[in-house]
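Trainee: First the structure, then my questions, so here it is.
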């Protein structure tokens, strides 16, 4: 099971974090909203986080806790960041009058280490979860999480919610739409501007130009390409490669994203995974190669050998191809016995 | 040629002459086909011999029940059947939501046998239907292969392969009374008729093809494979410049009549004109009209005019048709690809959006051992056979190539579709092996020529061959095999392989595909067989000890079996048409008792059935399926059910003392482990599936009573308590029963406050 990032909903007051506030909640909101207009989501640091999340609040705050620094090696953080930015931008765009009273923000581990740790330690389970024997405080940077802080006062205040409500995405890739659905559930009675993905003009331009280019090239080079396109040998080769690829489990590799090779636990490489239901990338290539050679020797015996006019030559070819056929099939059976322990059949020499 | 294995040339010659008489050959062929059919049937009888004549697994139980209904109430009642004993309280319009082909077939056989005064039980017909049809499938494979090659022995080999290959046996052993049992025969036979129609350009064969296509549609949802493959074949032929009136006649006949036939099935109805997976067939139909029109115009116009007409006309029509398709899809007249089909292309789709499809093990991608397991040596003879098709590449050979490519892609994406790949593998492999055998088993040897002469002949013939645009490997002239050593060696190897193939098929069938999964078999320490019959024990208990209309709640896997064997109404079953209803059951199973009890009351549940393998080490139990229940429930109620909460902080799925509170409080956990620890001495309680030691105190159930537990604890049935007589909540009542005083009213309520001794 793959662990995807945790989404943390922080409902309600942060008693410990509430610093004394000279300014009113409305001022703080306007302040941060102005920042958000110029650059959303707002980048936070320790002090601004405290200021933003101070109680009382009549607005909501969502925070993405992330660690973009390559040192932490948080692949998910980097994958999710563009989606988060997209969500924040389209929310801001769709809600120009700020009726939903929500601030999107990002807290990076390197900007607000202390806050990060103090927030994360509120959710011990989700923090210890990732590794099995690493130290708790080192772990937060490996993950990305988001939090919502609903207002404490005003019309949208959520009464009666005690402590944080966690929300997890445990499967599937993280898309802005999923987070949007979750936010909408937790922020009722206010506008939820839909996520609008910007039109990717570059991709369109590249697509149109390359289509035209390919069409033009085909039209121009048609007389040269046509013989290849009509060549039976080429199509035969393409079909056989396709069939060999699919029957040796290529689609399984694509869907399950299996590793190419695996260690055997003694520092070496193991080419074949034991177990009927799994396989390695390298393994399927070896199998496809064996299938290919076996088919090719069968083809050679059917098509080529009877067309060799010289009797001696023909004898040599027959011996060669039959030897390949016999040895490889025996080898294939021996590989299959690795995968299926109880399989009783084998052929010499690979007993 | 099957006889030509004797070593002495003179008897061989005699035999060869003997075999030349035409009638004798036909007789031999018929005999061989009969033997193949016999082998195909008998190799599927392992489970009947080992266990008994019993329906297998899950879906067949529904088909069996529907067949009984058909036989008892007649065809029209069956057609209009509304079943109120499933999907309680919704019910199911069964007559309109099933493929009736299978039931009607066995009903017809039943009545035919009755008419012949052969008294036979409908159950035996259902059990033996799949093996019987496998014999027919072998015959259909023989016919199809004979259309591909002039060598009749290839057809016999294909029939033999088709008869015993595990890829087909896996879904057609005696007792697996499922749609596939007859559908594979129909698939192969429809393809045979299509090839025949295409070759002859005959309306009659096209209509026959449409007829069997209609039968196929009535039998199996996999008919979409034909619906997509035939147009694809036609399209490839047009692209190759092979449009002909034969193609036009056969395709239009098939499409028009076949679509009409398929629309007669209530479950299909107007889908052929309203869903995307049927659009290729419709599109090619239109495209063919266009191409035919253009061919007609070409015969009437001059060259230059025709060229201009071709570009403008073809482009405009194609563009307009595409636009119309897009517009109608977005306007909602044509449904986009349904999830199950779409997940074949976008392989990540199902996992995110339709967990219920992803949860079925047949829908997983195929690893290579599965291919080898199901097809053995055919898997590498298959590409060789496809290559041979390129040799003269007639229209029917194009079909083999197209089928081979798409079949292997689909089989790679979904384990279950191995079934649709198997026929073409048998056909192609039979072509390859028969050609190999006939090359190396021919009695005549060519005379050795001297090399100089041969070179001249070679180069001249090369030129003529090259012009024909054939394969490179076929460029030099055919000579034959010279030495006896070569012949003996290659045919010896092939004989060994064929024998090994038979052994492999028998072994696989006997070991992997012959378990009814309703009855389990295990070995005693002394090697004797021990039958574990908990399922039937429990269903029999339900049948005898509960009211006729007692509603049983269980996970959907067991719905059909409960309906078929226990004859009791169920909440959900294997016809997973209503995801929300399934999620409701998932929620009831994965929530605490306080949440589940109202759900069960609302659905009038009387009994809850769980499958628990902890005592026996039976890994297919509900605790192992539990995460899917949670996931499906979470898809509908993300706020109330959370998969995350079933994992420990370290991300482990545990059932022992370290399990999370949510896990320990879930109804499924409680029902599975209730009283389980009392089987063992203190501290020794063990779950043999998960391999963990369980805590000494077991879970406490307040709202359910244990009603029945089968011999090996595989099935546990609980009765849902009625409301308390004096209005207490169940937790308080149960606590009182256990001898605790009633708590002060001021104390907070809820089950967490319960003390457990």
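Each residue, glycine too, has its Cβ placed from N, Cα and C.
Please treat TrEMBL annotations as automatic predictions, because they have not gone through curation.
TrEMBL feature annotations, pasted as is:
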type	residues	note
DOMAIN	B:28-428	domain 'Oligosaccharyl transferase STT3 N-terminal'
TRANSMEM	B:30-51	transmembrane segment
TRANSMEM	B:125-144	transmembrane segment
TRANSMEM	B:150-169	transmembrane segment
TRANSMEM	B:181-214	transmembrane segment
TRANSMEM	B:220-240	transmembrane segment
TRANSMEM	B:252-273	transmembrane segment
TRANSMEM	B:279-297	transmembrane segment
TRANSMEM	B:309-335	transmembrane segment
TRANSMEM	B:370-390	transmembrane segment
TRANSMEM	B:397-415	transmembrane segment
REGION	B:445-473	region 'Disordered'
TRANSMEM	B:479-503	transmembrane segment
DOMAIN	B:551-601	domain 'STT3/PglB/AglB core'
REGION	B:734-757	region 'Disordered'
COMPBIAS	B:739-757	compositional bias 'Basic residues'
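A description of the local structural setting of each listed feature is requested, covering burial, neighbours and distances.
Mentor: With a threshold of 8 Å between CB atoms, the same-chain residues lying at least 6 positions outside the transmembrane segment (B:125-144) that come near it are 33, 36-38, 40-41, 44-45, 48, 53-55, 60, 63-64, 67, 102, 105-106, 109-110, 113, 155-156, 158-163, 168-169, 171-178, 180-182, 184-185, 188-189, 191-192, 195, 423, 426-427, 430.
A Cβ distance under 8 Å defines the sequence-distant neighbours of the transmembrane segment (B:150-169), meaning residues of its chain 6+ beyond its ends; these are 1-2, 29, 32-33, 36-37, 39-40, 43-44, 134-135, 137-144, 184, 188, 373-376, 378, 418-419, 421-423, 425-427, 429-431, 433-435, 437-438, 502, 504-506, 508-509, 512-513.
Residues 99, 101, 179-180, 182-183, 186-187, 190-191, 194, 213, 247, 251, 254, 262, 272, 277-278, 280-281, 283-285, 287-288, 291, 341, 395, 398-399, 402-403, 406, 410, 419-420 of the same chain lie 6 or more positions beyond the ends of the transmembrane segment (B:220-240) yet place their CB under 8 Å from a CB of it.
Through the fold, the transmembrane segment (B:279-297) approaches residues 227-228, 230-232, 234-235, 238, 243, 245, 247-248, 251-252, 255-256, 259, 272-273, 306, 309-310, 313-314, 317-318, 321, 325, 334 of its own chain, all at least 6 residues removed from its boundaries and within a Cβ separation under 8 Å.
Outside the transmembrane segment (B:309-335) by six or more residues, the chain places 274-276, 279, 283, 286-287, 290, 294, 297, 301 with a CB less than 8 A from a CB of the stretch.
Counting only same-chain residues 6+ beyond the ends of the transmembrane segment (B:370-390), those with a CB under 8 A from a CB of the stretch are 148, 161, 165-167, 170, 397-398, 400-401, 404, 411, 415, 418, 422, 424-433, 435, 471, 497, 500-501, 504-505, 508, 512.
For the transmembrane segment (B:397-415), same-chain residues at least 6 beyond its ends with a Cβ under 8 Å from one of its own Cβ atoms are 148, 191, 194-195, 198, 225, 228-229, 232-233, 236-237, 240, 242, 344, 347, 361-366, 370-371, 382, 385-386, 389-390, 421, 424-425, 427-428.
Sequence-distant contacts of the transmembrane segment (B:479-503) (same chain, at least 6 residues past either end, Cβ-Cβ under 8 Å): 164, 376-378, 433, 436-437, 439-442, 444-446, 448.
The residues of the domain 'STT3/PglB/AglB core' (B:551-601), classed with DSSP into helix (H, G, I), strand (E, B) and coil, number 32 helix, 4 strand, 15 coil.
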Trainee: Do any residues of this chain, six or more beyond the ends of the transmembrane segment (B:252-273), have a C-beta under 8 angstroms from a C-beta of it, and if so which?
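Mentor: That would be 79, 95-100, 194, 197, 203, 206-207, 209-211, 213-214, 217-218, 223, 227, 230, 281-282, 284-285, 288-289.
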